[in-house]
Amino acid sequence: MFMHGSFIHLFFNMYSLVIFGIVLEQVWGSQKFFLYYMVTGLGAAALHLLVMYIEAGSYQNAAMAGSAIAAQHLEILRLTPTVGASGAVYGVLLAYGMLFPNNVLQLLFPPIALKAKWFVMIFGAIELWMGLSNSGGNIAHFAHLGGMLFGYLLILYWKKKNRMYF
């Protein structure tokens, strides 16, 4: 969560964190926001590792059966590091959408206005589609979804315990 693959990767994660995180920190306070950020980041890593484990198992079986392509894919999975705060940032994005669902966000590309709840749902759907279709290069789509999932579960827990604010 504290290393990034490039400057642009770091820039967009921190830009998103500033846009959405500052508002959440003002609502929750620093300690609760930090807890939320860490839970979503670790949850993102957990889901990503689970998906990688499942993928590696299927490639392992095919490689054992003699598939050279499966062996190459398995080696790529083993050697590719996962870096970035994107999973935690997606959790922050989800929290913003849940706490401020009707706030309007102005997109630059395409230049349209969307309510936060639709913005979050669209981003989540895109990540799910890209993760299931194995598109998007070396982007950890299931880490993004893991951040959203763990964020959703934590917010539900806080709401149930009446601990949503401070």
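Glycine is treated like the rest: Cβ placed from N, Cα and C.
Curation does not apply to TrEMBL; its annotations are automatic.
Taken from TrEMBL, the feature domain 'Peptidase S54 rhomboid' applies to 1-157.
The transmembrane segment annotation in TrEMBL covers 6-24 (among others). Same-chain neighbours of the transmembrane segment (6-24): 33, 36-37, 83-86, 89, 92-93, 95-96, 99-100, counting only residues six or more beyond its ends whose CB sits under 8 Å from a CB of the stretch.
Long-range contacts of the transmembrane segment (33-54) within the same chain: residues 1, 21, 24-25, 77, 82, 85-88, 90-92, 95, 131, 140, 142-151, 153-154, each at least 6 residues beyond the stretch ends and with a Cβ under 8 Å from a Cβ of the stretch. Residues or ranges marked as transmembrane segment in TrEMBL: 33-54 (among others).
Sequence-distant neighbours of the transmembrane segment (139-158) (same chain, 6+ residues past either end, Cβ-Cβ under 8 Å): 36, 39-48, 50-51, 82, 84, 86-95, 98, 120, 124, 127-128, 130-131, 164. Look at TrEMBL and you will find 139-158 (among others) tagged as transmembrane segment.
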